[in-house]
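As annotated by TrEMBL, region 'Disordered' applies to 1-26. Residues annotated as transmembrane segment in TrEMBL: 46-75, 87-116.
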């Protein structure tokens with residue numbers, strides 16, 4: 001005699017597992033959706049990105065401020081449909097947010113992560 005499933009258990013859970021065929025090859029692509037500030041981070045040469053990371057680590061927002069000027073020098077961003085001046089001001093806004101919120105450590109942490117994103121984008125760009 002087979003025991004019946006207890007309350008809260010499904011009958012499927014009580015059955016012994018049957019041999020299942022291996023799943024067919026399903027390709028799943030994950031794409032990160034970036035907000036406008038994050039997408040405005042410029043693709044810079046690797047040494048410039050490392051300098052911006054260094055600046056952001058010790059003076060929050062300074063590396064982001066410097067990276068804004070690389071946009072004016074022709075650095076590519078993930079916002080191709082926006083004008084260069086708009087992307088420049090988005091980077092200036094990000095720098096100001098980092099500077100103003102550094103007092104409560106949020107801006108400092110954001111600044112370091114921003115610098116790390118710059119280096120990651122620069123390594124992909126190379």
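Backbone N, Cα and C define each Cβ position, glycine as well.
Bear in mind that TrEMBL entries carry predicted annotations, made automatically and left uncurated.
Sequence-distant contacts of the transmembrane segment (87-116) (same chain, six or more residues past either end, CB-CB distance under 8 Å): 36-37, 40-42, 49, 52-57, 60-65, 67-69, 71-72, 77, 79.
Residues of the same chain lying 6 or more positions beyond the ends of the transmembrane segment (46-75) and with a Cβ under 8 Å from any Cβ of it are 40, 84, 87-88, 91-92, 94-99, 102, 107-108, 110-112, 114-116, 118-119, 121-123, 125-126.
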